[in-house]
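Undergrad: One structure, pasted below without further comment.
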């Protein structure tokens, strides 16, 4: 891996080409965002912005050659690349992963607010968008159940992709320039207790309001503390000397125990669960 990362960081054309290649390959577009974040973290906003602009221009040309509307396609890419770029700039400037995670939640919240302001009826929008994807009476019922919550899952998915790319880039940066640095940084991820309290309030309100802006926001802020729960799991696993395979079920169960993970992250903010779990093992 290290030789590949070293190649990417050799100049300006290398990361640009890797971003374009990753975006054109199925299921690998997220790697392009990580490359953008790596360049921005190491070389700054100006260099990262140039690489992003060059990749966007190259992708627009490629889409036009394939007969695809370049404005729509590149706009979709920038929807993902821009948040990654902003988060990388913030992390580089502050050297604070907790603050950067909070900024990511703020960006997601603003995106949700703008979405609800622009699209008067998000549920109807998603119902129209999903129409035809599912057939039969069961398909109609599925669309009816999904459309009210699709805005929240869309923002949550975009946020997860953006933050995940940033964390991957931060790990790559540590591999190249600061071995072991990312582990220390991620294991120490602990968010502000006031944000934890606000998150708990939003989660409680969402149980009463049902689908809508508050519910969608609760998904986003729950994701923030689910990430903190993962940091707790990694920290405890490292302290206890567990094999990395022990963490596979932790990630596998996350979609099914999402709210529980969020609550664990909130509790860790208040009660420092990771240190309690480590001490119980004599660590």
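Quick reminder: no glycine exception, Cβ is built from N, Cα and C everywhere.
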Undergrad: In TrEMBL, which of 152-172, 215-235 is labelled transmembrane segment?
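TA: It is 152-172 that TrEMBL annotates as transmembrane segment.
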Undergrad: In TrEMBL, which of 97-118, 119-140 is labelled transmembrane segment?
TA: 97-118
Undergrad: Between 72-90, 97-118, 152-172, 193-213, who has the most Cβ pairs under 8 Å to the transmembrane segment (244-267)?
TA: 193-213
Undergrad: Cβ under 8 Å to the transmembrane segment (48-66), counting only same-chain residues 6 or more beyond its ends: which ones?
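TA: Contacts of the transmembrane segment (48-66) (Cβ under 8 Å, skipping residues fewer than 6 from its ends): 12, 15-16, 19-20, 23-24, 32, 36-37, 39-40, 73-74, 77-78, 81-82, 85, 88-89.
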Undergrad: With the transmembrane segment (97-118) as the reference, which stretch in 16-41, 72-90, 152-172, 193-213 has the largest tally of C-beta pairs below 8 Å?
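TA: It is 152-172 that shares the most Cβ pairs under 8 Å with the transmembrane segment (97-118).
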Undergrad: Under 8 Å for C-beta pairs, could you tell me which stretch among 72-90, 152-172, 193-213 has the largest tally with the transmembrane segment (16-41)?
TA: 152-172
